[in-house]
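Now, the feature entries from TrEMBL:
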- G233, A234, A235, G236, S237, G238, K239, T240: ATP binding site (BINDING)
- 212-617: domain 'UvrD-like helicase ATP-binding' (DOMAIN)
Amino acid sequence: MAIGKEEREKEAQRVTAVRGLIQGRIEELRTTVDERRAEATAIGRSFWDDISVNADNADDIIETAASMAQQEHVLQGQERSYRHAQDALRKLQRVVDAPYFSRIDFQERGEQEREKIYIGLTSFIDNTTDEILIYDWRAPIASLFYDYPPGPATYRTPEMDVSGELLLKRQYIIKAGALQDLFDTGLSIGDEMLQMMLSRSADEKMSSIVTTIQREQNGIIRDDRHKVLVVQGAAGSGKTSVALQRIAYLLYKYRTTLSADNMILFSPNSLFSDYVSRVLPELGEATMQQTTFQDYLTHKLTDTGLRLEDPYDQLEFILTGTDTDPGYTTRIQSITYKTSEAFLALIEAYGEKLKGGGIRFLDLAVGKKVLITGDELSERFYSKTSILAIGERMEQLSEWILEQLEVFQADVQKRFYRKLVREPKYMGTEPEMKKMSRIKAHKAIAPLKEKAQKLAYIDVLGMYQGIFADGGLQQELAELTGQPLPEGWAAISAFTVKALEQGDLLYEDATPLVYLKGLLEGQLRIGTIRYCLVDEAQDYSPFHYAYLKKLFPRARFTLLGDWNQGIFTHANASVTANVTAGNAAAPSDTHGYSSISELMGEDETETIRLVKSYRSTREITEFACQVLPGGEPVEPFSRSGEAPRLLRAADEHELDRLVEEAVQHRREGGAGTIAIICKTERETASAHARLKPRLPELAWIRKDTLHYEAGVMILPAYLAKGLEFDAVIIYNAGAAVYAEAKERKLFYTACTRPLHHLDVCYLGELTPFLQGE
Ligand SMILES: Nc1ncnc2c1ncn2[C@@H]1O[C@H](COP(=O)(O)OP(=O)(O)OP(=O)(O)O)[C@@H](O)[C@H]1O
């Protein structure tokens, strides 16, 4: 129903009035902030003036201490209230130009009056009337807006469920403090508004979806019943958006007990982290710990001196190699086994066995002089039977080593001193010589102390290598786990030992090594993390999940992925089934999430599907879906656009020309971000070299690129994951490039990146994935 002129006027006046009140509050808060800042600084300055410092007798000392504690308390209080006022000010400054975006009218059952609830990014109360002029979108009642069409509706509060009738649902477009448009919505959250949001151009940074969250998304954002939430969401169904809205929601709901430090979000790469970095500040929340699993591994393995491979290089290997390449099959088998739960069980069995013996210790030496031998350390470690965990025993050993090192240091110092005294050329005074010998002794022993503190005297690498080099140990571990060693074990072992000896730590070895290290060092748990969110969850192996669960024992998990885009799981999925027959841990290509739920504990895991895809036009989504017949269901959003174009080239020269023309065409059509997507880094490099003279502005996105700007860019499909562009040009969708099973999902991922336009260029014959094969 159209909204009458009078009603529009009223709404426009309300916007102006509320804005005026917010502006007034902003002014008040500015003054408060200035005052509190001044007070806090003044207290800091006069801190010592107001304290009676007296240390004549015990009573005076106690009094002085009490006085200091009191002053400090006042100071902390002042600082807190200053920060509080500053936060409030920032929040209001952020919303003053668009104070709210929707309204619902709700009549609670048994009540005569309808309540008008205006919803915005942050709540706002009129100080004189105590009326809530704006509700925070995360308030319990606000969920009515996201969950129901007009009619009967219920929302949940911490105490109870509240039912009633939703009488009106209205949306506003407010810009620069003025009402531009408003409309009432019926069924879902205004198709009109959503259409508008989705028709926009892609940005180089992601935006929040707070004004148009859909019901199924809202359920995930607000879920607090499940310990593990697994979301299988189609490409473009809003998984990343939901993850970020959920973080903001949790920070609001548990604001007295939860801070951003208690949460961690694993993103696929730094480029992606940058892409999503604007959403939380836009929602008024502090950004949180955002990391990649690779960063975590690097941090844990800095001291090993090994060259750590990154997952993209591993993927590049998988994609560019073929079964006929020497060592290819072995590496695939190796990856498969090392990412499985079976290998995790083997490492755990190893950890158990080490309680009784077998830990390898390194000698602690200064230059060639060994101070404590590895054997001595081993003897000491295993001399007493202990009920303590390995990590705790290791800590005790570390303390003992540090004590020994103190003794050595004193000894070394004496020797240095004697040497100086005997040295006729040296004419220093006694205190000078003492000081000098102290410094020298400290310098000599300091690296060993650091080693002891970091437990770097454990030969973790040697022990990990032992799993592959020591036949007796292998058999023992296989028996302990009750699982046979995988197919191709001898070749896998030789291959692993060779890589380690060359100083290379392959990606598939990194997590197991860190895990073994954690078992030995006892530093496996990070108890402060209460929420762990994993985006692109399909790219993590069963080993990763088992590891994350141990790493964050107190955390609730939200794992968001699309097993249609599981390009990393190729090696896990296809071969693990053979290797660990009977072991359900390996994600099968289409049901990865069910095995995750087994891993994380079925009773505590809820799996939710998001099938509606919002990113691309209907034509693009339907086009992409033919690539994966029988894949996860995808339902396109009803936004129409131009059909994807198939552009055939007879030779490479023509291919370059076609791509160039497609770029020009899209640019003339107004596309702001245009991505040329290749299969691999190798293909990207050569395509970039050929296209650059034709397109001088072409930007090459690589795995270490930290952010990108609007414009024309070229990148491999696996880096385009999670990102979106106005127009995508597939560089070469020829049968020579995309034909094998392992390339299918990669191709699908590339096709699902555009918002508005997709051009599929190809050389010679078209990929069978688009010919219904
Ligand atoms: N409720 C919504 N309202 C407005 N836009 C939405 C909504 N849900 C998703 N979108 C938009 O759809 C696009 C895809 O969202 P997002 O990147 O979160 O999806 P995804 O499931 O993580 O995608 P993929 O797995 O393909 O990377 C984004 O532009 C996002 O803003």
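Placed from the backbone N, Cα and C atoms, the Cβ positions cover glycine too.
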Binding-site residues near ligand 1 among G233, A234, G236, G238, T240 (Cβ under 6 Å): G233, G236, G238, T240
In all the protein chains shown, the tally of other Cβ atoms within 10 Å of the Cβ of K239 (ATP binding site) is 25
Given the ATP site G233, A234, A235, G236, S237, G238, K239, T240, its other Cβ neighbours within 8 Å of the Cβ centroid, in chain order, are S241, D562, L610, S613, Y614, R615
Translate the DSSP assignment of G233 (ATP binding site) into the three-state scheme. strand
Reduced to three states, what secondary structure does DSSP give T240 (ATP binding site)? helix
Including all protein chains displayed, how many Cβ atoms other than that of S237 (ATP binding site) lie within 10 Å of its Cβ? 27
Going along the chain, which residues six or more apart from G236 (ATP binding site) have their CB under 8 A from its CB? S613, Y614, R615, S616, T621, E724, T752
Counting only residues 6+ apart in the same chain, whose Cβ is under 8 Å from the Cβ of T240 (ATP binding site)? M206, V276, D535, L560, G722
Non-local Cβ contacts of G238 (ATP binding site) (under 8 Å, 6 or more apart, same chain)? I209, Q214, Q217, L610, Y614
